[in-house]
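Features of the protein shown, as given by Swiss-Prot:
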| type | residues | note |
| --- | --- | --- |
| BINDING | His177, His179, Asp190 | Zn(2+) binding site |
| DOMAIN | 106-228 | domain 'MPN' |
| MOTIF | 177-190 | motif 'JAMM motif' |
Amino acid sequence: MDNNFKIKDLPKNERPQERLIRYGAEVLSNSELLAVILRTGTKNQNIMMLASSLIKETGGLDQLFNQSIEELTKIKGIGVTKAVQILALSELSKRFKTYKSGNEYKISTPLDVSNLVMEDMKYLKQEKLKILILNTKNIVTYIRDVFIGTLNSSIVHPREIFCEAIKKNGASIIICHNHPSGDPTPSKEDINITLRLKKCGKLIGIDLLDHIIIGENKYVSMKEKGTI
């Protein structure tokens, strides 16, 4: 017997699905929208209680959408199925926030770079280095993670960075990495890596346009700071 509380067990005027159909999705709270996705609660919590406590316990939607499947399944009432639903919703949200109609994403300012990578990188618990490869019109043609771990100039080798750009016929590159602390202030190592890659790029004819450091909903551009 299924003892889990379902949306249909709620009074009809309290069911988020009914409210969405009648009034539109925009009137629903975050908890109600999440309840529509998850559908069932537990034997001790109806789905609205579960959705509300889930958002509160993880610290809000941003934090909820950056949990791993292991972290989610440790939360009372969240099994593998619900964790997978949340992860899929999280990924769709990230992709939508960085989506532009058509297949082209042109970089004109550091903010364009931030808008492209922020959702993916701002809450990472480890440092990750991404390379954006651009064509002669500054349109992003390829993005790849090239390193995960603590960045320093002895580990981040220019060969690994520029090899991808050469293979993809890139005209220029932008590198991005995150600071798990949430503070995007460049470290001495960040500056050293930037200068080293800038120098190597000039030698092979693939310019390093910028190095963007991602923090918690903020970023620093090495180009804007005058480092390169």
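Cβ from N, Cα, C; glycine included.
Everything Swiss-Prot records as a feature, shown here on the structure.
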residue : record              : CB count, 10 Å
His177  : Zn(2+) binding site : 25
His179  : Zn(2+) binding site : 22
Asp190  : Zn(2+) binding site : 21
Indicate whether His179 (Zn(2+) binding site) is helix, strand or coil by DSSP. coil
Do you know the DSSP helix, strand and coil residue counts for the domain 'MPN' (106-228)? 43 helix, 36 strand, 44 coil
